[in-house]
Structure formats: C-alpha cells, structure tokens
Amino acid sequence: MGSTANIQLATQSEDEERNCTYAMQLLSSSVLPFVLHSTIQLDVFDILAKDKAATKLSALEIVSHMPNCKNPDAATMLDRMLYVLASYSLLDCSVVEEGNGVTERRYGLSRVGKFFVRDEDGASMGPLLALLQDKVFINSWFELKDAVLEGGVPFDRVHGVHAFEYPKLDPKFNDVFNQAMINHTTVVMKRILENYKGFENLKTLVDVGGGLGVNLKMITSKYPTIKGTNFDLPHVVQHAPSYPGVDHVGGDMFESVPQGDAIFMKVMSKSLAEAWILHDWSDGHCLKLLKNCHKALPDNGKVIVVEANLPVKPDTDTTVVGVSQCDLIMMAQNPGGKERSEQEFRALASEAGFKGVNLICCVCNFWVMEFYK
C-alpha cells in the first residue's frame, strides 16, 4: 500500500511539474512570433532554401549571406533565435561535434518552415505575419480588457476609426496589409485549385470582393472557358489590370451582386477596403450579402465560400487553436467580425434561402463550402 501511495504521489508531482512548466512557457509565448518575424526579415528561410550545396547551415554560415551585417555578435544572436524556431519545428536542427567538447548547431528547412520561403511567384506566409506583428495591429491588444468592460472594438479604441477606414490614413500600413493579402491569396488559391474541383463545368463565375482580380486570374488560367466577373468597390476595380476572360464591375455587395452560375467568396481579399468576406462582418451583414447572392444565382447555382470553421467545443488540436486565435483577431480588429462554426454557417445559409451546405475540402485550415440554391 505504501509503495502504491508513493507512486501516486510521484505521479501527481510530475503532473504538477508539467503543468507549471507549461504555464511558464505561456508567459513567454509572445517571443515566438517576434522571433519568427525578425528571422523572415533577415531572409533566413530564403537563404536556407537557396543554398543547394548543403542540407543544413550554421548560424555563422547563414550570417555570411547577409551583406549588410556589421555586428560581430550576429551569429551568436541568430543561433539563439534559430534554436527557438527549431523547438517549434519551424526549422530542423542537427548538432555536430567539433572536438574538444565543442559542438555546433546546423539548421535546415522543416516542412513547416517551407511555407515561409518565397515560392516561384514570390509568395509566402511571411507578409501575413508582418501584418499581424505590425504596431497598428499589436496596439489593439492593449485595449482588449477595457473593450470587454466598456464595449467597443479594440482597434477603434486605439485608432479612432474602423480597420476598414484606417489604411487611407496610413499609406505604409496600407502597403503592409496589401502585401499580406496578395501573398496569402496566392498561397491559398494555389492549394484550392489543386484540391477543389467545383469550378469545373461553370460557364460564369462572380468573385465578390475580388479586389484586383487575382483570384479570377488564377481560376480562369486553369479553367479558360469560365467567364469571370470581378466585383468590388468602384474605386478598387478602377485600378484592376486587364485579364483574359475577366470583367471588372464596381458596386456595393450590400445592395446587389452580379449574376453568374456561381459566386465565389474567399477569406481575405486584396486590400482592407475589399475584405468583403463573411468573417469580417456581423450575422446581419452576412445575411444581407447572402440574400443578394441568392437573388443573383440561377436555380441550380451555388455560392463557393472559403472560410475557417470554429468547432463549438474548444480543443488543443492545432487546427482548432489556429481558428480560435483568428477569431480573437477578428474581435480585436473588426466591428462584428468573427469566425463561425459549421452550424452557424448552415443557419445563415438557410435563413438566406439556400437549401443546403456541403463542406467539400479543407485547404490551409480553411473549408471550401458550397451553399446550394
């Protein structure tokens, strides 16, 4: 009995220690995004990707690829940063014995880290991180507690205007936002086109909030028989370049939507003014938009929605944690914005007049859903 009791006490002590360690880690959890952002700014991921001669590089070798680096301690500092990234599986790390008790860490790209390398189109996840780490967004979090107690949107409390209006006042931030949206769209749309086959057999497709038309450019490049209508605010589409098979139409989605065999709405558009997507808006706004889409579709038409799905019950799974964090970003930045559960999407679709919702495939933690008329 005594032995069993001792084992139970030891197990409880180990559990308590693990819980305390996890709590301590959470205290410094803000370190990761700042270190990752700085590493991207230093082009570390691209340096590792370009060096074909070696599978892994030391911090000193990585620094040698930075022509503007003048700090003699740069390699030591960088090694400590890369150690953190390796502990989160953003990099692979090997320890090499140099002799006399001296070791050297060497780093290479991991499967996760490759998403921060610029692809053949120059796109990566890096610019989206730059947006989330920008002071304009970061400062909103300092108002979260008071927003809970007193009301209001944290972003508005800091800047005095809605997030949709702010870029007009800050050209530098506007560029950061636009770059984030362009890169995010390119990365996600490529994977959508690889996995989703619902564009086949469409004759006409309307992209609501399509910005400069890049979504339709990518879609019609793969499906050249589709006639695309890129729909956004007039001042947005007037700057859109010409693409084969794509017409640019200006208007307000809350008033009406152009007709087509299908309507496309993807999470994150090309500029803040163009973020006409469901997670940016309240249920009332979304319902109004979806009713307009319903009117614009033929009897066999569909709305193709690309959005995250937030489960009703919290979970420690990475997919759920990621969506829950995005939900808080919406709450902190956008009036009425939020991530929704599958049940909430079905309820909105039903109230707007749609007969059903099909969840087709999951891409980059976003679900491609079809709302059928």
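Positions of Cβ are set from backbone N, Cα and C atoms, glycine also.
Under the heading active site, proton acceptor, Swiss-Prot lists H279, citing sequence analysis as support. A helical conformation is recorded for H279 (active site, proton acceptor) in the three-state DSSP classification.
Look at Swiss-Prot and you will find G209, D232, D252, M253, M265, K266 tagged as S-adenosyl-L-homocysteine binding site. The number of other CB atoms found within 10 A of the CB of M265 (S-adenosyl-L-homocysteine binding site), across every protein chain shown, is 27.
Positions annotated as S-adenosyl-L-methionine binding site by Swiss-Prot: D232. Taken residue by residue with DSSP, D232 (S-adenosyl-L-homocysteine binding site) is part of a strand.
Taking Cα separation as the measure, H279 (active site, proton acceptor) is nearest to G209 of the binding-site residues G209, D232, M253. In the three-state DSSP reading, M265 (S-adenosyl-L-homocysteine binding site) counts as strand.
Among the record's S-adenosyl-L-homocysteine binders, G209, D232, D252, M253, M265, K266, no two C-alpha atoms are more than 17 Å apart, and one pair sits at exactly that spread.
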